[in-house]
Amino acid sequence: MLNQTSVTEFLLLGVTDIQILQPVLFVVFLTIYFLSLAGNGAILMVVISDPRLHSPMYFFLGNLSCLDICYSTVTLPKMLENFLSTHKTISFLGCMSQLHFFHFLGSTEAMLVPVMAFDRFVAICKPLRYPLIMNHQVCTQMAVTIWITGFFHALLHSVMTSRLNFCGSNHIHHFFCDVKPLLKLACGNTELNQWLLNNVTGTFAMGSFFLILLSYFYIIIYLFFKTRSCSTLHKALSTCASHFMVVILLFGPIVFIYIRPASASSVDQDWIVAIMYSVVTPVLNPLIYTLRNKEVKGALRRLIKRRL
């Protein structure tokens, strides 16, 4: 992953250069990071420790929590460090590593969410065949495939970006290293990198989004025609709506940043949108997926009682 460049480090300009706001933002984002670690860590603990939650749905939920913990950790610690430091640099290797793991975990999560939606589709629409279709071996294979695919998707971007020639400014107008801000600093032709970003990442995002829509569409249609209980239908629609809010928060910013054409004002807009899916979504996932889940809340209470 060696590059032909005179730049050995980059300067992360962050979210603001107003010094008086730095300590305030540090407290805000430290709180968000702590909530993300606590919420997702609690879910991961109960999914692993409680035998009652050893089912496909909670297996994938545990994967999501693990992803969200790692996803937040890729960007937030460096962001918090820069709020309190005047030395906001990151080495070239550190920048490429951050870029790789950000896209690795992000693309893996983007593929995991439609698998979770498919799991709910099978559980609701094919309940008798659910244990056969979503058996332990199948779930494990699906999870491993998703993680491996996400890794190689990110490797494509990190290798192609690292081979660019950076001979000018090293100031990144962002709070972490991402492909798009780095392409603006590169010397020479970046059309192939931009094409990969728009088409490969775009295919991942839109394909996953379409599969989620398809799963929830079939669930709603099935319940509408098969369920006679209004309360059951209302509960299912409410659950689908809350899950769909997570999908919008995840895929909306991805489409905004990686698929839409670049514009002169996009640099100032991208970091704001990036906060939504890299900082806010990992905090909301535990709340939305477990807030009304009696099994998870019961498992948390049992875990707390055992610890006391």
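Residue numbering: from 1, along the chain as shown.
In case you wondered, yes, glycine gets a Cβ from its N, Cα and C as well.
Copied over from TrEMBL, here are the features:
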DOMAIN    39-289  domain 'G-protein coupled receptors family 1 profile'
TRANSMEM  20-46  transmembrane segment
TRANSMEM  100-118  transmembrane segment
TRANSMEM  138-156  transmembrane segment
TRANSMEM  204-225  transmembrane segment
TRANSMEM  237-259  transmembrane segment
TRANSMEM  271-291  transmembrane segment
May I ask for the residues of the chain that lie six or more residues beyond the transmembrane segment (138-156) and have a Cβ under 8 Å from a Cβ within it? 56, 59-60, 63, 99-108, 111-112, 115, 196, 200-201, 204
Counting only pairs at least 6 apart in sequence, do the transmembrane segment (237-259) and the transmembrane segment (100-118) share 3+ Cβ pairs under 8 Å? yes
Under 8 Å for C-beta pairs, could you tell me which stretch among 100-118, 204-225, 271-291 has the largest tally with the transmembrane segment (20-46)? 271-291
Confidence summary for the domain 'G-protein coupled receptors family 1 profile' (39-289), mean pLDDT rounded: 86
